[in-house]
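Here is what Swiss-Prot says about this protein:
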{"type": "BINDING", "residues": "Lys22, Asn23", "note": "phosphoenolpyruvate binding site"}
{"type": "BINDING", "residues": "Arg93, Asp306, Ile328", "note": "UDP-N-acetyl-alpha-D-glucosamine binding site"}
{"type": "MOD_RES", "residues": "Cys117", "note": "2-(S-cysteinyl)pyruvic acid O-phosphothioketal"}
{"type": "ACT_SITE", "residues": "Cys117", "note": "active site, proton donor"}
Amino acid sequence: MDAFKVIGGKPLRGDVVISGAKNAALPILMSALLSKTPVVFSNVPQLNDILTTVKLLGQLGAKTKWLNEEKLMIDASSIDVCRAPYDLVKTMRASILVLGPLLARMGHAEVSLPGGCAIGARPVNLHIQGLKLMGADITVEDGYIVAKKQGRLTGATIFMDTVSVTGTENLMMAAALAEGITIIENAAREPEIVDLANCLISMGAKITGAGTDTLTIEGVSELCGKEYSVMPDRIETGTFLVAAAVTQGHIKCLNTDPSSLEAVLSKLQEAGATITTGDDWIELEMSAPAKAVNVRTAPHPAFPTDMQAQFMTMNVLAEGTATVIETIFENRFMHVPELQRMGADIALEGNTAIVKGVASLNGAQVMATDLRASASLVIAGLVAKSPTQVDRIYHIDRGYLCIEGKLQSLGADITRIKVD
């Protein structure tokens, strides 16, 4: 098993190229199931979840081919399998995103109940309820969601009881091939939703309202994709910016989108960072310890839950006391005991963490528990007074493309090692 050995004390300096967004690429690759023609996707990061998705699409009968390290061709014109098996779905919760496209295209879908990070229930009932409103007959049998529909799905008005990114994505893809108009109310507004909508529109879908809480989809009889480029990863961008801030460094993130990170950039400025932006770059300079900043996660455009752990680490070393409130997922403070092992002063009260800044952290052997928690531990290691070993980094490999190589290019002392 791999681990990271991190030796702290070096400010991050230089330029870093941001990869394509995993959370945008996953639904976009699934959307190829809707297309009767081959689609070429660019800016696709070759992460474990992406490779699992490619394997899953192949098992459904799609032809896939990497044209270069970030360009992928998917031809789903002759898909002939409607079952997404447990052995693939168990490793990646986003596998549920084949449900809507398969049902809309084939009239039949069987998807194993999903796995992924252990950070809360993340129920799939919103997906099922929405598809039922569109006329699908859905049962759960032996751990599989079995969905059927004779003929095309039917447009419907769907109110999402809670804001769900994957729920919105699944229903939007299904509605693209439905008969009639579908309105999704209380829809997720994340930039990744907008990216998926733009991809579907490029295939011939009729979608309005992406980025607002009301989506309107006028179904069409077929979709034909050509080429589409995945948006930059806003969470990877934010992670590097926080790492630079914590190490009091000076970096420039290239191939990114400042407009997708407004809440994060605002909080970094509040912490004392100097930030400059262009159309596709963000520059951050930090010349003093961060000031403590309160954080409350909420659906976009508010502060993203996927940046909570990284900001927790920044607050651990900040001047003052901060509260970090997590409203999206339960069980998303699993990095706190690991940070405490390094000397952090954090008290938990339900979904709130009270963080009192300390002067320094000590290195320790710590364990990654989920994707973003692992990033927060790496950041802590970058400033610890003694070496840090981060175990179970397969979590971080699910969401960050060669993070150690990018950090090394910025001056960090981090190496991947083999452990028992």
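Start at 1 and count along the chain as shown; that gives each residue its number.
A Cβ is built for glycine as well, from the same backbone N, Cα and C atoms used for every other residue.
This view paints the features noted in Swiss-Prot onto the structure.
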residue: Lys22; record: phosphoenolpyruvate binding site; contacts (Cβ under 8 Å, 6+ apart): Pro45, Leu47, Asp49, Ile50, Asp233, Arg398, Gly399
residue: Asn23; record: phosphoenolpyruvate binding site; contacts (Cβ under 8 Å, 6+ apart): Val165, Glu190, Glu192, Asp233, Ile235, Asp306
residue: Ile328; record: UDP-N-acetyl-alpha-D-glucosamine binding site; contacts (Cβ under 8 Å, 6+ apart): Thr297, Ala298, Pro299, Thr305
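Take the binding-site residues Arg93, Asp306: by the count of other Cβ atoms within 10 Å of each Cβ, the lowest one is Arg93.
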